[in-house]
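What TrEMBL records for this protein:
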- Gln46, Phe47, Arg48, Glu49, Lys50, Asn81, Ser119, Lys148: 4-amino-2-methyl-5-(diphosphooxymethyl)pyrimidine binding site (BINDING)
- Asp82, Asp101: Mg(2+) binding site (BINDING)
- 17-200: domain 'Thiamine phosphate synthase/TenI' (DOMAIN)
Amino acid sequence: MSGSSISPEQMRRYLRMYLVIGSVNCREKPLRVVEEALSGGATMIQFREKGPGALTGEAKLALALELQAACRRAGVPFIVNDDVELAARIGADGLHVGQDDESAGAVRARIGNRILGVSAHTVKEARTALVHGADYIGVGPVYPTISKDDARPVQGTGMIQDMRAQGIQLPIVGIGGINAERAAEVVRAGADGVAVISAVTQAANVREAARNLLEQVARAAGR
Ligand SMILES: Cc1ncc(COP(=O)(O)OP(=O)(O)O)c(N)n1
Ligand SMILES: Cc1nc(C(=O)O)sc1CCOP(=O)(O)O
Ligand SMILES: [Mg+2]
């Protein structure tokens, strides 16, 4: 099964500074956090509205629409986490699913040529994601995370290196406990970019945090 209409080169650019965000992660209004992150150079946004206190129903829909509109103004893709119905309803640019969510193959069939991201923790899962039409894989947790209660054991950067060494060419984004000090190590291991929640949403200066992460990624990638 093939991926979306987006080229792997474009996908790699979108993954450079990928903000994952939900209302429970924010110290201020999520719209303001997203707008600040976009102005700092965030290259893609994922709406991940889950965990204790997360919005549901109409409130979740309203927030998704608000954040999507900000992404459209900035020309940045807006990805929905887990919720295929929501993604379809609002015409999101794509969907991210994990190994415990609706299967990647079924999601690809439902979303057509929109972006499909899949979490992969092993080389085998990465190969399966490719077969099912993933445009990128999220690999983690690279470091300990405070943002996901059911995260798998910490992998370090070794899994990303293993995937590249074993011929996985899909665009890869590292996730889990990544901050500006660690971003370069993740990219040097073979990732195309970093996906973060707390390093941006909890920052005193959101715009500066996003800008710094992007700069570390670009520098490590030699751009
Ligand atoms: C970019 C990216 N990578 C991995 C994940 C984790 O997805 P999943 O394993 O399905 O866990 P939840 O985020 O749904 O709790 C992600 N969301 N984004
Ligand atoms: C959403 C998510 N997925 C992970 C995985 O390992 O698949 S770790 C994680 C949380 C990332 O948040 P932070 O940047 O605050 O650590
Ligand atoms: Mg999921």
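Using N, Cα and C of the backbone, Cβ positions are placed for all residues, glycine too.
On a predicted model such as this, the values are computed, not experimentally measured, just so you know.
The distance from the Cα of Glu49 (4-amino-2-methyl-5-(diphosphooxymethyl)pyrimidine binding site) to the Cα of Asp101 (Mg(2+) binding site) comes to 15 Å.
Among the binding-site residues Gln46, Phe47, Arg48, Lys50, Lys148, no residue has its Cβ under 6 Å from any atom of ligand 3. The average pLDDT the prediction assigns to the domain 'Thiamine phosphate synthase/TenI' (17-200) is 97. In this structure, the CA atom of Lys148 (4-amino-2-methyl-5-(diphosphooxymethyl)pyrimidine binding site) is 15 Å away from the CA atom of Asp101 (Mg(2+) binding site).
Annotation note: Lys148 (4-amino-2-methyl-5-(diphosphooxymethyl)pyrimidine binding site) sits in a coil segment as assigned by DSSP. Within the set of binding-site residues (Arg48, Lys50), the lowest number of other Cβ atoms found within 10 Å of a Cβ is recorded at Lys50.
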